[in-house]
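According to TrEMBL, the domain 'Cation efflux protein transmembrane' annotation covers 14-212. Residues or ranges marked as domain 'Cation efflux protein cytoplasmic' in TrEMBL: 219-295. The transmembrane segment annotation in TrEMBL covers 12-31, 37-58, 79-102, 114-135, 156-177, 189-209.
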Amino acid sequence: MKDDVFQKTEYTLWAGMLLLSVIACLQGMAAFQAPSIALLAAAAQSVAGVCVVAVVIMSVRTQRQQATSKAFQRNANRIAIVSMLLAVLIMVIGTQMGILSVKSLVAHVDQDAGIYPLILLLISIAAKELLFQYLNRLGNRFGAKEFISNARRHRSDIYSSFVAIVGMLLTLLSEVWDYTKLAYIEPVAALLIAIMICYMGFSIVRNILSALSENVRHQEDVAEFIEVVGRILGVISVDDLSAREQGHYVVVEMSISVNPRLSVWEGHEVSKKIKAQLMKQYQHISNVVIHVNPYDPGYPYKHHADNDAAELPSVLH
């Protein structure tokens, strides 16, 4: 994605986080006033959703740094650690919600759903559905997987809200029909939502571990690319090399140093050889961007470099 698309992605995700935060606060306050264990579980799901959006925002920033090659590796490791902590927090929220649900089920705690918590849940469903449609439309427009994946997560939030509504409706019907056994459905609904929250955190942990393993393989590929480039005639050193994914393909960008006595044409020929060799040897490389610089070890060894450079071939053969 381009830089302006990254910015639009991040701004939209921040707006989604703010909306989920407001929904979580309203649901939490209503759950304690009712009281309603299912509504409290829906509030916990919204809080977990805020954490997930935070992880997605950090993922967007990581990809933005990867695209611009700004201290990518160092910041990517930090973001992975923070994302892992947020995922653990989500699982803790789900576990605590599950414990509360089981306690409510065992202790036969009376639930008072009421009509206002139901209205609040319906409003939250409508707001999340609007957010889902907006993110999904932007994802298809920009080809941004962050929009699409986050939109799907909001759709799972909607499903959990429906589970809460079913539990609360059955609680209301139990009061109308004077059939107390239906009241047990609400704690069961809360327990199902707690399981969904834990699965959400587990999915994030699994994705992070998968990304870290891919990053290790990515670094191994970079080291292999450097070794291949270093063997090509005319290359003195590979000063920098980065590889970033674009779909199923990889774009390689590097800076190399060549004999300062080489002409511009000869330096261009070296870069052409490098590009041809990499794209021939590695089928998944779609493009190679090469910056050619004259070799210069710098002061105070420059006068030695001039003598060494004189011994290097000035014409490629």
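Each Cβ is built from the backbone N, Cα and C atoms, and glycine gets one as well.
The shown structure was predicted, so the numbers you read here are calculated from the model rather than taken from an experiment.
Counting residues 6+ beyond its ends, the transmembrane segment (189-209) has Cβ neighbours under 8 Å at 37-38, 40-42, 44-45, 48, 52, 55, 80, 83-84, 86-91, 93-95, 97-98, 100-102, 104-105, 153, 156, 159-160, 163-164, 166-168 in the same chain. With Cβ pairs under 8 Å as the measure, the transmembrane segment (79-102) is packed most heavily against 37-58, out of 12-31, 37-58, 114-135, 156-177.
When pLDDT values are averaged over the domain 'Cation efflux protein cytoplasmic' (219-295), the model yields 84. Away from its own ends, the transmembrane segment (156-177) comes close to residues 20, 36, 38-39, 41-42, 45-46, 49, 111-115, 117-118, 121-122, 124-125, 128-129, 132, 183, 185-190, 192-193, 196-197, 200 of its chain (Cβ-Cβ under 8 Å, at least six residues beyond either end). The list of residues near the transmembrane segment (12-31) in space but at least 6 beyond its ends in sequence, with Cβ under 8 angstroms from a Cβ of it, reads 37, 39-40, 42-43, 46-47, 49-50, 53-54, 56-57, 60, 116-117, 120-121, 124, 127-128, 131, 134-135, 138, 146-147, 150, 154, 157. Secondary structure counts, DSSP: the domain 'Cation efflux protein cytoplasmic' (219-295) has 30 helix, 32 strand, 15 coil.
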